[in-house]
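J.: If you look up Swiss-Prot, you'll see 1-61 marked as domain 'TGS'. The region 'Catalytic' annotation in Swiss-Prot covers 243-534, and the record cites sequence analysis as its basis. Annotation source Swiss-Prot lists Zn(2+) binding site at 334, 385, 511, citing sequence analysis.
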């Protein structure tokens with residue numbers, strides 16, 4: 001007679017084994033209808049799985065994130081069901097859940113057109129609307145293998161042979177005549193899978209290995225109700241408008257080309273933006289008392305062997321050779337910073353030592369993963385490393401956290417998710433050292449009033465870390481900042497300082513990044529602002545334009561005056577209609593357009609228009625300069641028009 005404890009602490013006793021669906025029915029018909037699965041003693045199970053002993057149970061519905069993931073996983077199986085009806089010779093590979101959706105890799109002897117994709121989605125909807133039950137069956141390894149051999153599912157057979165133990169009992173899920181293999185859980189009935197759409201296709205190598213066959217990958221998204229689906233699709237539409245690649249081309253910021261895959265060609269305006277961002281970071285480095293250094297962009301392979309990077313990261317490193325020596329182009333800055341620390345004797349009185357670099361790094365990312373500024377091979381890290389004593393860790397982490405929020409706040413990011421990753425099973429350092437380090441990180445977050453989530457076992461082998469993830473205006477997550485403790489690298493590279501008792505002590509090293517990659521952060525900002533960068537950051541802050549040739553001299557002198565005041569300004573003296581000029585510079589997202597006619601020349605004023613289409617009227621030249629200088633220096637996100 002199992003006793004079931006519910007999330008609110010209440011208990012229900014049953015005279016026989018029950019399933020989560022039985023428990024939901026006992027609570028009420030509404031919950032039974034909404035029940036997708038159960039969480040039994042912390043583990044997700046199917047709605048029909050039998051519980052024979054006392055247990056803690058939560059009923060999973062479409063309102064839960066876990067419920068949405070189950071719906072998406074079942075939609076992947078639904079895709080398999082539909083495609084096998086339309087193209088029976090298809091061989092199914094894997095169909096996992098991904099962020100906000102799912103995909104299925106399959107071997108299809110047919111080039112899928114957009115019409116085919118539409119047909120496939122239509123068949124999926126027809127099947128889902130039948131609201132058939134999904135039947136779960138646990139079988140022996142041999143039974144599962146025999147079933148998939150009989151169906152000609154070579155990839156499922158390979159998964160069984162290579163990834164599943166012979167004494168295991170795989171789960172088979174029956175969608176009418178279609179059978180798929182999965183750990184589950186899945187929806188009990190297809191009425192939960194009505195709100196989905198297929199999105200795109202791509203190629204994907206079997207098991208991610210380019211030596212294997214290229215499979216077809218079909219992507220889709222699925223949600224708990226129509227409103228959620230429509231909201232997501234609207235976000236996708238808005239995201240497409242904000243795509244940094246599209247805006248980057250419109251604003252002539254940068255370009256990429258095949259001869260340098262994953263490397264950025266910065267144009268004048270893009271490089272102006274980059275340097276302004278760099279200036280801002282440099283100002284913050286000074287405020288938080290960092291040294292700025294510059295290390296070489298490549299070093300002998302021997303050094304990377306000492307750090308452990310060669311053993312664990314070699315496939316991501318570019319190499320070159322000269323005079324019988326092999327060099328690695330650096331994928332990160334930390335080994336170089338330890339070399340700088342090692343120059344000259346250091347005392348505990350010299351610590352903490354905060355060392356920052358705009359490091360030019362390169363990583364050999366797969367060509368298929370490259371994506372504009374968001375995923376590149378050559379990038380600049382706003383990287384820093386803090387060398388300190390164990391007693392200083394907490395204060396230094398506190399300082400890093402303050403700097404993170406200070407900088408993110410300038411850009412208007414207010415929703416920040418924070419995760420603390422703790423000790424993994426395989427690690428270096430004693431439990432005492434790890435315990436204190438984890439406590440220091442948690443205490444620093446708590447002292448700053450920051451809510452965070454633990455990620456047990458997700459820390460690196462050399463230390464725990466804090467991750468900062470930004471949520472943008474479309475609620476997309478961008479993991480940018482990290483504060484990572486390192487108990488390993490300083491010792492590997494013989495770093496030490498002289499302690500209070502005149503002994504050699506290995507310093508604790510804190511890896512700290514805030515923006516992460518400068519290139520990627522510019523991509524994030526471009527999409528966050530849709531190209532409407534704040535005035536302090538935008539490449540051209542003001543355009544001064546004449547109505548007729550009579551104002552040309554006035555425009556030229558005013559442009560010089562604005563430039564001397566530290567404002568990035570251009571003059572537009574073209575013989576074009578003023579409406580044409582305004583439209584053109586509005587499309588270029590120039591914050592302020594100063595129009596000069598005869599009246600403005602006579603009164604020593606300018607007519608001010610904004611890129612948002614607001615007319616601020618006629619303003620005295622010195623007054624507008626003062627206001628612009630204040631907006632730029634304060635790095636205010638809100639413009640004069642607002």
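Including glycine, each Cβ sits where the backbone N, Cα and C put it.
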J.: Show, in sequence order, which residues other than 334, 385, 511 on the same chain lie with their Cβ within 8 Å of the centre of the Cβ atoms of the Zn(2+) site.
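T.: Here the nearby residues are 332, 333, 337, 383, 384, 484, 486, 489, 509, 510, 512.
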J.: List the same-chain residues at least 6 positions away in sequence whose Cβ sits under 8 Å from the Cβ of residue 334 (Zn(2+) binding site), in sequence order, or say none.
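T.: Long-range Cβ contacts: 307, 383, 385, 486, 489, 509, 511.
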J.: So which of the binding-site residues is most packed in, judged by how many other Cβ atoms lie within 10 Å of its Cβ, out of 385, 511?
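T.: When each Cβ's neighbours within 10 Å are tallied, 385 leads.
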